[in-house]
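Take a look at the structure set out below.
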Amino acid sequence: LVPGTPAPASLPTSRLCYSTNSESPLLQCVMTGDWINDLGSTMTIGTVNGKGLFTGSYLTAVTASNNEIKVSPLRGSLQRSNEKGQPSFGFTVNWSFSDSVTVFVGQCFVDGTGQEVLRTMWLLRSHVDDINDDWKATR
């Protein structure tokens, strides 16, 4: 996962996020639990309900904002009809410390060693004061 607000010149890229949940069954990706990405950001996903909806929190390790980083809420859903145990998902993080929102989409995989891995892409939308600045609001 790519957390928070990226550096202004960066583009969305696919990143890895690894589970710290040791209770997941082998060969089935369970999204509930704690996750950490390669930049040190952490995410906790609570219970996934019968409709595939979940909530949680995200603490980014990086930001382009000058504000103090704070834990931010997330809401999402996953594809429950995937019977192969590696669901696609999406979630939104409403950053508590800035006027921006990030949406993530991805898939939960189980690699050859049994490790759960999230592969994601993201878009960040920041507030701008004028429609003429719309071009620079999404990264």
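The backbone N, Cα and C atoms fix where each Cβ goes, and this holds for glycine too.
Small disclaimer: the values here were computed from a predicted structure and weren't measured.
According to TrEMBL, the disulfide bond annotation covers Cys29-Cys108.
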Set of same-chain residues at least 6 away whose C-beta sits under 8 angstroms from Cys108 (disulfide bond): Cys29, Val30, Met31, Leu78, Gln86, Pro87, Ser88, Phe89, Glu116, Val117, Leu118
Local Cβ density at Cys29 (disulfide bond) - other Cβ atoms counted within 10 Å: 23
